Amino acid sequence: MAATAREDGASGQERGQRGCEHYDRGCLLKAPCCDKLYTCRLCHDNNEDHQLDRFKVKEVQCINCEKIQHAQQTCEECSTLFGEYYCDICHLFDKDKKQYHCENCGICRIGPKEDFFHCLKCNLCLAMNLQGRHKCIENVSRQNCPICLEDIHTSRVVAHVLPCGHLLHRTCYEEMLKEGYRCPLCMHSALDMTRYWRQLDDEVAQTPMPSEYQNMTVDILCNDCNGRSTVQFHILGMKCKICESYNTAQAGGRRISLDQQ
């Protein structure tokens, strides 16, 4: 249920109607940029040609008694609870989802807080099981998702960390896997492909090349380890000699061994 904008005193969201499709809350935000009332900044941004700065919100309106007051967790007039969770920095009101405000991220995150740590180099809160087990890329969270080109850092969609360190929205990652397996930025495998590589080993072994190709070699570059090697050409794939990945690309022309020329 999406909220609609209204000017002060104008008809709009019904009295007592709680929250919107984005948040469960008992108040409307008074946008400091245009003085209109919206349930949340996302509803505002979807309807206006400018963005609401969450940090500049000063006033809210209670959905029950309609009193406009300074931003706080409980209505000073009728004691309506505006949100089980309230951040007086982001002015975020919502039901309790174990949220916490991360000073380094500068915004609120869904917790529990003890399940996450802030990586200073990546500049993002990550799950504890990734601590010391992910590849850091400086300020990677400030880059847009390479699939949808939308913001990742402030997105309400969970970010997925690829083995290469790049980030995608979780939903974009799941869609990407329907079409391919490689990071759209660096071409590194986006998940553990070991089982598939072993299947490909069997297929290559069972598919001999025609005699004129059996002694043909090619230089390859591995997208997974960045190593270079010279291997036998095969139409099904060419396996990196260093890491045994088939995520490779030709780095030079094909050639026939001298003893076969």
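Cβ coordinates are placed from backbone N, Cα and C, and glycine is handled just like the others.
Annotation source Swiss-Prot lists Zn(2+) 1 binding site at CYS20, HIS22, CYS40, CYS43, citing sequence analysis. DSSP assigns CYS40 (Zn(2+) 1 binding site) to coil in the three-state reduction, placing it in neither a helix nor a strand.
According to Swiss-Prot, the Zn(2+) 2 binding site annotation covers CYS33, CYS34, HIS44, HIS50. Within 10 Å of the C-beta of HIS44 (Zn(2+) 2 binding site) there are 22 other C-beta atoms, taking all protein chains into account.
Its own atom aside, the Cβ of CYS65 (Zn(2+) 3 binding site) has 15 Cβ atoms within 10 angstroms in the protein chains shown. Swiss-Prot lists CYS62, CYS65, CYS75, CYS78 with the feature Zn(2+) 3 binding site, giving sequence analysis as the kind of evidence.
Spatially close to CYS87 (Zn(2+) 4 binding site) yet at least six residues away along the chain are GLN99, HIS101, CYS108, judged by Cβ distances under 8 angstroms. Per Swiss-Prot, Zn(2+) 4 binding site is recorded for CYS87, CYS90, HIS101, CYS108.
Look at Swiss-Prot and you will find CYS102, CYS105, HIS118, CYS125 tagged as Zn(2+) 5 binding site. Following the DSSP three-state reduction, the secondary structure of CYS125 (Zn(2+) 5 binding site) is strand.
CYS136 (Zn(2+) 6 binding site) carries neither a helix nor a strand DSSP state and counts as coil. Taking the Cβ of CYS136 (Zn(2+) 6 binding site) as reference, residues of its chain lying under 8 Å away and at least six apart in sequence are, in sequence order, CYS119, LYS121, CYS122, GLY165. Swiss-Prot lists CYS119, CYS122, HIS134, CYS136 with the feature Zn(2+) 6 binding site, giving sequence analysis as the kind of evidence.
The phosphoserine annotation in Swiss-Prot covers SER257, and the record cites a large-scale study or a structure entry as its basis.
Sequence annotations record features per position, and here Swiss-Prot assigns zinc finger to 13-80 (among others) based on sequence analysis.
The zinc finger annotation in Swiss-Prot covers 82-144 (among others), and the record cites sequence analysis as its basis.
What Swiss-Prot lists as zinc finger is 145-189 (among others), and the listing cites sequence analysis. Secondary structure of the zinc finger (145-189) per DSSP, as helix, strand and coil residue counts: 7 helix, 8 strand, 30 coil.
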In the predicted model, what is the mean pLDDT computed over the zinc finger (13-80)? 92
As a whole number of Å, the Cα atom of HIS118 (Zn(2+) 5 binding site) is distant from the Cα atom of HIS134 (Zn(2+) 6 binding site) by 13
About how far apart, in whole Å, are the alpha carbons (Cα) of CYS20 (Zn(2+) 1 binding site) and HIS50 (Zn(2+) 2 binding site)? 20
Find the one among the binding-site residues CYS34, CYS65, CYS78, HIS134 whose C-alpha lies closest to that of CYS90 (Zn(2+) 4 binding site). CYS34
